[in-house]
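Note sheet for the following structure.
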Amino acid sequence: MLTRRSLLATPALAVPGCSFLGALPGTLSGADMARGHLLRTPFAAGTPAETRRTKIAIIGGGIAGLSAAFTLAEAGHRDFRLFELEDSAGGNSRAGRNAVSAYPLGAHYLPIPNPESSGVRHFLERIGTITGWQGGKPVFDPYQIVADPEERILHLGRWQEGLIPAIVPDADRADLAAFFAAMDRFRDHKTSDGRRAFAIPMDLSSRDPDLRALDALSFTAWLDARGWSTPTLRAHLRYCTRDEYGTEPGEVSAWAGIHYFAARRGEAANCAGDAVLTWPAGNGYLAAAMARRVAGHIEPGIVVAAVRTSGDGAQIDALDVANRRRIRILADAAIIALPRFVAAHVVAGASAKGFGYSPWVVANVTADRLPAGQGAKLAWDNVSATSDSLGYVVATHQGLAAVPGPTVLTWYTALSDMTPATARTLMTDRPLADWQRIVHDDLMAMNPDLAGAIRRIDVWRWGHAMVRPVPGFFFGGARENAAKSAPPLFNAHSDLSGLSIFEEAHFRGSTAAEAAMTHLGFAHVSVHTA
Amino acid sequence: MADAPTGARDLAPVLLFSAFVVATCGLVYELLAGTLASYLLGDSVTQFSTVIGTYLFAMGIGAWLSRYVTANELAVFVRTEILIAAIGGSSAALLFLLFDRVGDFRLPLYGLVLIIGTLVGLEIPLLMRILKDRLEFGDLVSKVLTFDYIGALAASLLFPLVLVPHLGLIRTGFLFGLANVGVALAMLWMLPQASRLRGEMAAGILVAIALVAGLFSAERLQRLAEVAAYQAPIIHAVSTPYQRIVLTRRNDDVRLFLNGNLQFSSRDEYRYHEALVHPALGRIAHPANVLILGGGDGLAAREVLKYPGVRSITLVDLDPAMTRLFTDAPMLAALNGNALRSPKLIIVNADAFVWLRANQRRFGAVIVDFPDPTNFSIGKLYTLSLYRELARAIAPGGIAVVQSTSPLVAPNAYWTVATTLEAAGLTTRGYHAYVPSFGEWGFILAAHGAIADAVALPPGLRFLTPRTAALAFDFPPDMARRPTPVNRLDNQALVRAFDAEWSRVEG
Ligand SMILES: Cc1cc2nc3c(=O)[nH]c(=O)nc-3n(C[C@H](O)[C@H](O)[C@H](O)COP(=O)(O)OP(=O)(O)OC[C@H]3O[C@@H](n4cnc5c(N)ncnc54)[C@H](O)[C@@H]3O)c2cc1C
């Protein structure tokens, strides 16, 4: 049992930075590469041991695939199967769990959705996250809204609330004000086609050529042109593009950079519109809610190796990992909810040209007690102005215990300061103990008060975490082409939006499901009203 | 060294003076230990008598051990002196810091007394032997013992009159440590160049530096040693997984502190608990089932039991150590009139929020006695979300009361609680009472419908009367209602208001 005496005594005895870390328990894991690499072996040739039939096959069980399945089930469709390579669905929104808490392995929050994200709102209402409506605005379950305090930053040795340091030179302050004023204008801007300048889903954004032209240059180039170059603003924007896209501001398109700040117009009756929804399991909560609804339809441990049209339908060849058997699935329609770099290997005629991915590392750190620190109190999201990591979120933050006990901290970093290929090599080569040391040292620099309190560090590597919205990616042609579906194959994945967020994955998955139902003549009501 | 080479400066006066210092310091350390022990453990007669006994006995051990010193008396004397300086000088700080970190405080206490006593006991015989060649025997004994006893007198007068009131225990320790090491250094310095003990000199200087540092950081050490903050002798202290429970007693005043915050003083807790319970219970026709959230001390339960119609009380308190203590300790059980042993009482050791969310029962009265919203975790217990769960637990016609901090010190915090209860669909009425050890304190009644004026108080109350109970609902302008936000999980408006308002008075 954990006593206060031991709490008081340990920090004094433990020597910070002292390395008995070799003995620290933990695991080193990630997306199952061995299974992924089966795609490159010729196992799929040869005759399948078994052939199955289904009306609609969903390939890939991330948020996009699960959203497609959820949409089919809600519409009353019964005859569909979802094939997922891993042993559980969820993709980048999966969660882990230990004796202390559930914790995210990747995605960890969903912002209060915009009105035009009607599909997402509809879904949230179905699973009870939206509990009702007031004055046209959704009421959210208060236990799922991020508890105050939401975020804090360590700057000049002190924690303060918010993510932008308060003590900055006047010039920096002026730049910040000018930048955010410009973002406010973009946010309110509607173009002659009646669309928002920047919308979520991004497909609903304005088609105005002047705005699309922003995609041609990098975010940094756009900022340079405006003379906004003071360090506080640039550091904050770098944090944001790395946090959202895993990519440096000089490498993302200005359209993506601005979209991040100008597209959010969340509405809620019972909290701030810019709040977020979060759970101990992160977006694993949402993935699990979807998976429960379609439980009997999910087939995990199936590596899909080849998809082609055959006659009016689709022919899918796959490997059943558990039995090491080749199986063939014949479907009337198939929803391809795979990342594009996988789809390119699997789907006849698909190409991943122009699609690059940022690598991420996520570490779940189990600790005996909550972090503390000088200044602002522990928040859900905790970031250091001087670290290259993206800080940590607290998995137990939404808990209701009046006296908090042990916790799990989910620590993030995007390996954006090297080429993705270099980063992936590093990720496979670096042993667990080295990752643990990096995570441990970074945490200690932020919270020396955690000395002696860390029990284990589990490291998760995402080699292809997020699609990189580089200049030209949105409107240069490749993405738009990839997003087009050729019935009976329907494409669905957040990659096709160029924005790796829940709303886009949901939009791609649910619209693909609706398109497939339309194609098959299955009557349904669209969840997309905007 | 006793046979110091001729030509050395005459050491005799210094040695005699050191007898005085050794005696003073020795007694000061003994008094420090005794005071600390009675302060931390209570029962000063036992503490002083055992500490003095141990100390004198240890001196005997030291005197006996001195026979094994066969050469180099002066060096051994100086080393002992430096050791006493280091150990004795930091003993008060050490004991304070160790108090809540060790299983049995008596172990380090008597250990330190034993070590210091032994070292001091070693010194006087050594001193006599060093001086034996310089003074005639009768003169020697007389002089050494005279200085020894004068030192004792000096210490026993200085200690209560000057040292404790002006310097405090921790600084006194460091100061006398410095005197000890000062004497040692002076002696070393007076030795002829050739026979100077360099190692001892270096050690002495290091100890002196450390003691000076301790002297200047006494305040910080004091803060680290939370127990030094209590104003009265501690009679019970325990760390549970949830909190630190400390009970103090001075004369007939027993006080309970949780994590250093005063929960009640036995002198005026009846005011608090009468004000907490009766305005609610006295407004219910037949209070049969009562829920108490918090209040593991059983004092609210004692008041509830004054209503013979009450059939069952469910008491939800996080900490089993707390409810056990107030059930089993005779003095505390007497305080709550054995309320926790009542057959009507069901004790549930659970987190109130989690319990309330899962609860499906309804209660005629709910008494909410949570700690003040001093941090974000406790702040959750005052949110709209909790009050929605609370509203579910109030039976039709039932009533709840919430302790809501001081409407005088923190009016915004106080009225935030009212606004939040109202946002949960409850009707509220606020009232206040004066509790000397807290100040002007506030409570809020909450019910599904209108809250009546009439109140029927049980007989035998010491504070509330129908007249004072009515007056309590009147708020003068300095505490009057003001517009406040709703406290929600996602804005923690209460903790922020509470923090701002209380930091103004507490600085
Ligand atoms: C570290 C990290 C943090 C993130 N944080 C957030 C956040 O806080 N909020 C947010 O909204 N978004 C976040 N994201 C973005 C996240 O990617 C999206 O929210 C969403 O989960 C993407 O879903 P998807 O279905 O489009 O893609 P994926 O999650 O990539 O789903 C693809 C699925 O296909 C499966 N698959 C792959 N190959 C095959 C095959 N051959 N056969 C069968 N199945 C296959 C995969 O196993 C996977 O389950 C984060 C991402 C990462 C990596």
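Cβ coordinates come from backbone N, Cα and C, glycine included.
When TrEMBL records B:Q243, B:D351, B:A352 as binding S-methyl-5'-thioadenosine, the matching candidate from B:D268, B:D317, B:D328 it lists for that site is B:D317. A 10 Å cutoff on Cβ-Cβ distances gives B:D317 (S-methyl-5'-thioadenosine binding site) a total of 25 other Cβ atoms nearby, all chains included.
Contact between the transmembrane segment (B:201-218) and the transmembrane segment (B:82-99) holds: at least three of their C-beta pairs are under 8 Å, each pair 6 or more apart in sequence. The list of residues near the transmembrane segment (B:82-99) in space but at least 6 beyond its ends in sequence, with Cβ under 8 angstroms from a Cβ of it, reads 22, 25-26, 28-29, 32-33, 36, 40, 105, 108-109, 112, 115-116, 119-120, 123, 169-170, 172-181, 184, 200, 203-204, 207-208, 210-211, 214, 218, 221-222, 224-225, 227-228, 237. Look at B:D351 (S-methyl-5'-thioadenosine binding site): DSSP puts it in coil. No contact links the transmembrane segment (B:140-163) to the transmembrane segment (B:52-70), because fewer than 3 Cβ pairs that are 6 or more residues apart lie under 8 A.
For the binding site of S-methyl-5'-thioadenosine, formed by B:Q243, B:D317, B:D351, B:A352 according to the record, the largest Cα to Cα distance is 15 Å, rounded to a whole number. Of all the recorded positions listed here (B:Q243, B:H273, B:D297, B:D351, B:D369), the one with the fewest other CB atoms within 10 A of its own CB is B:D351. For chain A, the nearby recorded positions by a Cβ gap under 8 A, listed in sequence order, are B:A352, drawn from B:H273, B:D317, B:A352, B:D369. Taking CA atoms as the reference points, B:A352 (S-methyl-5'-thioadenosine binding site) and B:H273 (spermidine binding site) are 20 Å apart. Under 8 Å from some Cβ of the transmembrane segment (B:105-128) lie the Cβ atoms of residues 15, 18-19, 22, 25-26, 29-30, 33, 36-37, 40-41, 50-51, 54-63, 65-66, 69, 73, 76-77, 80-81, 83-84, 87-88, 91, 94-95, 98-99, 140-141, 144, 148, all in the same chain and six or more residues away from its ends.
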